[in-house]
Amino acid sequence: MSTEKLTVALLSGGASAEREVSLKSGEQVFNALDKQRYLVLRYDPAHDLTRLAADAEKIDVALIILHGRMGEDGTIQGLLESLGIPYQGSGVLGSAVAMNKILSKQLYIHAGLPVAPHLVADRREPPDLDTVADRLGLPVVVKPEHEGSSIGLSIVRNRDQLAAAVETGWQYDRRCLIEKYVHGIEITGGVLGNDHLQALPLIEIIPGEAYEFFDYKAKYTPGASREICPARLSDTITAKAQEYARKAHQALCCKGYSRTDMIVSGNDIFILETNTIPGMTATSLFPQAAAVAGISFSALLDRLIELALED
């Protein structure tokens, strides 16, 4: 290991549907890393894995700034472990579990966390969609089992839209989640730490008028949505949501940091999903919450590296 600067492998790009987001995040992370403290080597897993393996012995720690398949799903985490390279965030298990929306729901329920009513549509055994609509009511949200950034997601308000939405989900995965649409305030709660989890200020998300929900474009287009931090919630709801973010992190075996999306409906909070590698672009939520907590972007990266090296 280096006796002066830490050698950091910065991984961004990859081959998932979220490649462009990853590249933007990676560029901002590279610019924010303190070059007085770190020697930063950049790798795109889409074509640099052989070089990464060859460089493994000189790498002190990796920053995984990848999203979606082969980034957040435990694949790259397993490779880094086989190479003996520490990395920030969740391990193989936590990454794989959080990436799977259906399994995540089961673990949330097991942990006593509230989720919206939902059903699973399996392409091998297609459900009767009229029965689905009767059981859940409309509107519903249809999501592929594994994709992130709302890729493949549809909101269905009429029965005649349901079949097409499920077919869209099946383009990405054999199974998709059909979830009751909950009207309310969309919030997200980040946590930071290993043994001691620091709950960051909650962010309230208000998609712009052109966006029905916080979808891919709303997330990554500057000015497409408003984010209010801290969220405009009562102290009681705030404390409950922050505790839910901690519990969701633990229920999915996450590590280091995560961000859990939730809906506040009246006095109720419903867990949507947990992100194990939150975005790191100018419009990203986790860095915004950290900044409100007094943690600059550069200091956040320092902290993630420290947490990666704790084990």
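We number each residue from 1, going along the chain as drawn.
Glycine residues also receive a Cβ, built from the backbone N, Cα and C atoms like all the rest.
Look at Swiss-Prot and you will find 133-188 tagged as ATP binding site, backed by sequence analysis. All chains included, 25 other C-beta atoms sit within 10 angstroms of the C-beta of Val140 (ATP binding site).
If you look up Swiss-Prot, you'll see Asp261, Glu273 marked as Mg(2+) 1 binding site. In sequence order, Ala98, Lys101, Ser104, Thr260, Asp261 make up the list of same-chain residues 6 or more apart from Glu273 (Mg(2+) 1 binding site) whose Cβ falls under 8 Å from its Cβ.
Annotation source Swiss-Prot lists Mg(2+) 2 binding site at Glu273, Asn275. DSSP gives Glu273 (Mg(2+) 1 binding site) a strand state.
What Swiss-Prot lists as domain 'ATP-grasp' is 105-306.
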Set of same-chain residues at least 6 away whose C-beta sits under 8 angstroms from Glu147 (ATP binding site): Ala17, Gly68, Arg69, Leu153, Tyr172, Asp173
Rounded inter-Cα distance in Å - Val140 (ATP binding site), Asn275 (Mg(2+) 2 binding site): 21
Separation of alpha carbons, Gln161 (ATP binding site) and Asn275 (Mg(2+) 2 binding site) (Å): 28
